[in-house]
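Reviewing the structure listed below.
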Amino acid sequence: MRNFIEHITRKAGNTALKYFKKPELKFSHKKNIADVVTEADHASNKVLLDAIKKRFPAHGIISEETGEEQTSAEYVWIIDPLDGTRNFLTHTPLWGTMVGLARNKQMIAAAIYDPNHDELVYAERGKGAYLNGKRIHCSLTLPFSYGVINTILRSSDLRFITRLANNKEGEGVWAGNVGSAAMMAISVATGRRDWAVVSFRHIWDQAMLTLACHEAGCRTSDFTGKPWAWESRGIVVANAVLHKKLMRMVK
């Protein structure tokens, strides 16, 4: 299964890469002006759907671009063919492709690919996380003042933002948003970033990120502190010490 997931994720990501910085790239808006889909999203999505349906016709699929199919099946694939579309449109090389597999609503495998830097994180439940085949681990940074974070939050999360800004452990916190859950997953799972707090509402933005970081040694939970689950909306990932501190701010 690992070879299959890695292969289709790389293929889909490299398909999207062919469209990157393409003059007059075709795109349209979905629900609002900030929700964009391009011809690269569709091309990458087709690669994934064709491969999965051919190999596993009885499996369900949840795709950001084409919705849900057979989601009552024992095995369900979650795919985000091009995560970070606004970065893609602005020629910013911070986007990727994410593919995950769940069994009875528990994530068992995930691949996250950054085609611009040819970096692929693969994670499998109970077997660890790997970057291009080499085992990876999350950061062990403890003080907030030295921590570098990724965060994607909404106006409803203002209380957490205020508490974070007013933390008493250091002079400040290095906070940033790369604009892509795929890039966030790679950066936290590899220890390049120390923690992430995200109020995503869609499973394709959460599932692969959570498994990759969990298998890299992070503690992962929803905003209530419970282990991330299929129905969760919101993610907190960090090493055990930082996670405990973060939960006091999130709750």
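Along the chain as shown, the residues are counted starting at 1.
Backbone N, Cα and C define each Cβ position, glycine as well.
A TrEMBL annotation is a machine prediction, not a hand-curated record.
Per TrEMBL, Mg(2+) is bound by ASP80, LEU82, ASP83, ASP205; the candidate from GLU64, GLU65, GLU68, GLU69 named for the same site is GLU64. Annotated Mg(2+) site GLU64, ASP80, LEU82, ASP83, ASP205; additional same-chain residues within 8 Å of its Cβ mean position, judged by their own Cβ, are ILE79, PRO81, GLY84, THR85, THR97, MET98, ALA181, ALA182, TRP204.
Highest local Cβ density among the binding-site residues GLU64, ASP80, ASP83, ASP205 belongs to ASP80, counted as other Cβ atoms within 10 Å over all protein chains shown.
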